[in-house]
Amino acid sequence: MLLIDIKDKELSQEEVEILEHPLVSGLILFSRNFHDKVQLEALVKSIRQRVKKPLLITVDQEGGRVQRFREGFTKLPAMQAFHTLAKNPQESTALARQTGWLMAAEMFALDIDLSFAPVLDLGHQCKAIGDRSFGENPDAMLPIAEAFIDGMREMGMATTGKHFPGHGHVLADSHLETPFDDRPKEAIFNRDILPFKQLISKGKLSAIMPAHVIYTQCDSQPASGSEYWLKQVLRNQLNFNGVIFSDDLGMKGAGFMGNFVERSEKAIHAGCDLLLLCNEPEGVIQVLDGLKYQPTKTQTERHISLMKRKTVRWNELEASPRYQQAQQRLTALQNDWLEYKAQHC
């Protein structure tokens with residue numbers, strides 16, 4: 001039910017006990033948990049061995065500026081680089097697929113189940129999204145996003161489309177405050193929601209993460225706590241049958257929904273299967289003590305479906321020609337993107 005974080009680069013006994021709580025289903029790793037590849041491998045091994053139940057181990061390893069593990073890992077390009085720098089659509093989709101495959105392979109080689117990717121927000125004006133987006137035009141960005149997803153799926157990693165129904169149009173950063181999107185309902189349904197709709201119809205999204213954004217012309221609650229968005233639209237209209245993650249309930253944007261227990265209750269009632277709660281250790285304890293909820297059989301099955309099902313050895317991955325070629329190409333692309341941004345921003 002709950003995905004939480006840990007404080008440092010080693011697992012404490014107190015954290016082991018918290019992770020073994022019946023309501024905890026997994027954890028998310030951050031840059032503070034990472035020093036180098038050897039340390040990360042030891043940390044994940046410690047988690048797997050010391051916690052006496054299967055845990056979903058996750059990370060945000062999107063690429064560009066949102067890449068928690070860097071030293072010893074491929075410098076993944078920002079998603080906007082594919083459309084902007086590729087010579088033609090065929091090259092952009094090929095690069096995107098390579099990136100999805102390589103990212104998933106590197107995570108599996110460290111025994112990490114899932115990277116929360118890809119971002120499907122249209123790149124309007126939100127600084128929190130920015131070059132994390134594949135582009136502004138849904139028709140142009142969809143093939144690139146789909147190619148990235150196909151690369152992840154080829155490796156066997158579950159995919160997470162975020163931030164439903166679209167975070168890209170608001171100026172406010174939901175890490176810091178609750179954003180409000182005042183556009184008419186038609187504007188959201190005719191543009192922002194299209195990448196989610198198309199990829200759901202093709203069965204290519206294992207999970208969805210809704211936004212901590214209030215779409216004022218549609219509902220009074222943030223999408224992450226909205227029955228309208230999660231049950232009526234996502235489940236009933238779009239027929240999505242996968243996992244619904246809440247975005248981090250520790251973010252300021254979730255504060256609109258009350259204290260940590262109230263946020264969790266509202267997210268569950270709205271339709272979330274798994275809840276992220278990060279950087280709030282006291283909040284985690286409050287939820288574990290105060291949340292009265294037993295996950296359903298369907299929610300448990302959805303959770304298990306996200307677990308890694310393929311073993312990848314790092315030395316074998318590094319030795320493969322496909323990996324070597326992809327790493328060289330994608331590192332060069334990210335360097336080109338940084339140079340491009342320096343000249344145009």
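The first residue you see is number 1, and the count goes up from there.
Glycine is no exception: its Cβ is also placed from the backbone N, Cα and C atoms.
Feature annotations, reproduced from Swiss-Prot:
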- Asp60, Arg68, Arg132, Lys162, His163: substrate binding site (BINDING)
- Asp173: site 'Important for catalytic activity' (SITE)
- His175: active site, proton donor/acceptor (ACT_SITE)
- Asp247: active site, nucleophile (ACT_SITE)
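In this structure the alpha carbons, written CA, of Arg132 (substrate binding site) and the residue listed as 'active site, nucleophile' are 16 Å apart. Distance between Cα atoms for Arg68 (substrate binding site) and Asp247 (active site, nucleophile): 17 Å, as a whole number. When secondary structure is read from DSSP and collapsed to three states, His163 (substrate binding site) falls in the strand class. If you compare every pair of Cα atoms in Asp60, Arg68, Arg132, Lys162, His163, the residues listed for substrate, the longest distance is 19 angstrom. Counting only same-chain residues six or more apart in sequence, the Cβ atoms lying under 8 angstroms from the Cβ of His163 (substrate binding site) belong to Val119, Leu120, Asp121, Met209, Pro210, Ala211, His212, Val213, Ala223, Asp247. Between the candidate recorded positions, Asp60, Asp247, the densest Cβ environment within 10 Å is the one around Asp247. Counting every protein chain shown, the Cβ of Arg68 (substrate binding site) has 18 other Cβ atoms within 10 Å. Annotation for Lys162 (substrate binding site): same-chain Cβ neighbours under 8 Å, separated by at least 6 residues, are Phe116, Ala117, Pro118, Val119, Leu120, Asp121, Ile208, Met209, Pro210, Ala211, Asp247. Look at Arg132 (substrate binding site): DSSP puts it in a helix. Counted within 10 Å of its Cβ, the other Cβ atoms near Arg132 (substrate binding site) come to 25, all protein chains included.
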